[in-house]
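Asks: Can you read through this structure? Questions will come right after.
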Amino acid sequence: MEKQVFDSQKRPLRDLRISVTDKCNFRCQYCMPAEIFGPDYPFLPQHKLLSFEEITRLTGIFTSLGVEKIRITGGEPLMRRNLADLIRMIRQVDGVRDIAMTTNGSLLARHAEELKAAGLDRVTVSLDSLDDERFGRINGRGYRVEQILEGIEAAAAAGLGVKINMVVQRGVNDQDILPMARYFREKGHILRFIEFMDVGNSNGWKLDQVVPSREIIRMIHAEMPLEPVNPNYYGEVASRYRYAGTEQEIGLISSVTQAFCSTCTRARLSAEGRMYNCLFASEGEDLRDPLRAGMSDEELREKISAIWTRRDDRYSEERLKHTPGISQRTKVEMSHIGG
Ligand code: SAM
Ligand code: SF4
Ligand code: SF4
């Protein structure tokens, strides 16, 4: 690393989340509701997406400013053709210490081995229920649980680190909290519960649909006693617990009830090459056109450094103060920047 940049709140730039496509084979109601993301939805044409070469070049510039961890996301990242080639290219970039991917898992069984061979370290698989009917409804396309579980086991068998993310919504899948906890405890995978968030403008978010993490802990603890685990590193987003007397952990990502903006070190790059300083940002800054217009690495570096340096975003910390007006703000859609 040549230089570590800090934002206006003294937060270092450490992580880069790269969305490689805005398309997805699911239509999760909370992310890409089918009524809005229908057959005529104008997804990005190929030429507007950053190419693998462009993503790799930008990754190199980001690492020169402090980024060490890369997360590939989407849309559904495995919808992007030849994704393993991109992983291989990013793996070669100086300063990249860790490459992870967030996926819905539906195409994972097919790709796990080649992704591991290309240099992917870890996957986070999103799964919100073990009940086929509910899961089919949540994913909006009738996909079955079994297909995702196969993806999870294929990833583990290939030697990838595996975590499971469950977005909990009251009245939708809160009855799945305990079955999910029991199942993944038995399987030995870390399950993380995520509070439902008001991302984008189309998911119809209401505060009373959020199941606070402390309620989830209470519920699990009553059946399977838990004890807290100290954070691994600065900026870790999940609070960690383990089942008492074991090494098996769960995590809670309390984006709504216990915001963690003060240690947020994540920048985001959308599939069309815009840089966002926050999951809830209204505006990203275009890097693609300058890159295609021939800007040098040094000039791009200056530009990215300037964007991060003036960053003061802390949306989640401010959310609860501003909830009544929250829906008036126009935010980027989750499927554009990948969570
Ligand atoms: N398609 C991939 C997937 O589902 O894992 C990657 C992209 S998805 C946008 C990234 C993560 O954001 C998923 O774990 C998803 O469950 C989560 N997510 C989407 N909308 C959300 C919301 N409104 N609140 C909380 N998490 C959300
Ligand atoms: Fe697709 Fe992931 Fe969004 Fe669901 S959460 S619609 S799988 S991008
Ligand atoms: Fe980071 Fe924005 Fe989320 Fe806060 S709201 S943790 S600043 S992405």
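Cβ from N, Cα, C; glycine included.
Source: prediction; values computed, not measured.
Per TrEMBL, the features are:
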BINDING   Arg17, Arg71, Thr102, Lys163, Arg266, Ala267, Arg268  GTP binding site
BINDING   Cys24, Cys28, Cys31  [4Fe-4S] cluster 1 binding site
BINDING   Tyr30, Gly75, Ser126, Met197  S-adenosyl-L-methionine binding site
BINDING   Cys261, Cys264, Cys278  [4Fe-4S] cluster 2 binding site
DOMAIN    8-227  domain 'Radical SAM core'
Asks: Looking at Cβ-Cβ distances, which residues of the chain lie under 8 angstroms from Cys28 ([4Fe-4S] cluster 1 binding site) while being 6 or more apart from it?
Replies: Asp128, Ile138, Asn139, Gly140
Asks: As a test of the contact definition, list every same-chain residue at least 6 positions from Met197 (S-adenosyl-L-methionine binding site) whose Cβ is closer than 8 Å to its Cβ.
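Replies: Those within reach of Met197 (S-adenosyl-L-methionine binding site), by Cβ under 8 Å and sequence separation of 6 or more, are Trp205, Ser255, Val256, Leu279.
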Asks: Near the [4Fe-4S] cluster 1 site, what residues other than Cys24, Cys28, Cys31 in the same chain have a C-beta no further than 8 Å from the centroid of the listed C-beta atoms?
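Replies: What remains near the Cβ centre is Phe26, Arg27, Tyr30, Met32, Phe37, Glu76, Asn104, Asn139, Gly140, Met334, Ser335.
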Asks: Under DSSP, is Cys264 ([4Fe-4S] cluster 2 binding site) helix, strand or coil?
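Replies: Assignment for Cys264 ([4Fe-4S] cluster 2 binding site) reads coil.
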Asks: Please report the distance from the Cα of Lys163 (GTP binding site) to the Cα of Gly75 (S-adenosyl-L-methionine binding site), rounded to the nearest angstrom.
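Replies: So the alpha carbons of Lys163 (GTP binding site) and Gly75 (S-adenosyl-L-methionine binding site) sit roughly 18 Å from each other.
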Asks: List the binding-site residues Cys31, Arg71, Ser126 whose Cβ sits under 6 Å from any atom of ligand 1, in sequence order.
Replies: Cys31, Ser126
Asks: Spatial neighbours of Arg266 (GTP binding site) among the binding-site residues Cys24, Cys31, Gly75, Cys278, defined as Cα within 10 A: which are they?
Replies: Cys278
Asks: Given the binding-site residues Cys24, Cys261, Cys278, which one's Cα is the least distant from that of Arg17 (GTP binding site)?
Replies: Cys278
Asks: Please give the maximum pairwise Cα distance, in Å and rounded to a whole number, for the GTP-binding set Arg17, Arg71, Thr102, Lys163, Arg266, Ala267, Arg268.
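Replies: Spelled out: the longest distance between any two Cα atoms in Arg17, Arg71, Thr102, Lys163, Arg266, Ala267, Arg268 is 21 Å.
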Asks: Please report how many Å separate the Cα atom of Cys31 ([4Fe-4S] cluster 1 binding site) from that of Gly75 (S-adenosyl-L-methionine binding site), as a whole number.
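Replies: Cα-Cα, rounded: 9 Å.
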Asks: Which binding-site residues from the set Cys31, Arg71, Gly75 have a C-beta atom lying less than 6 Å away from ligand 3?
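Replies: None, by Cβ distance under 6 Å.
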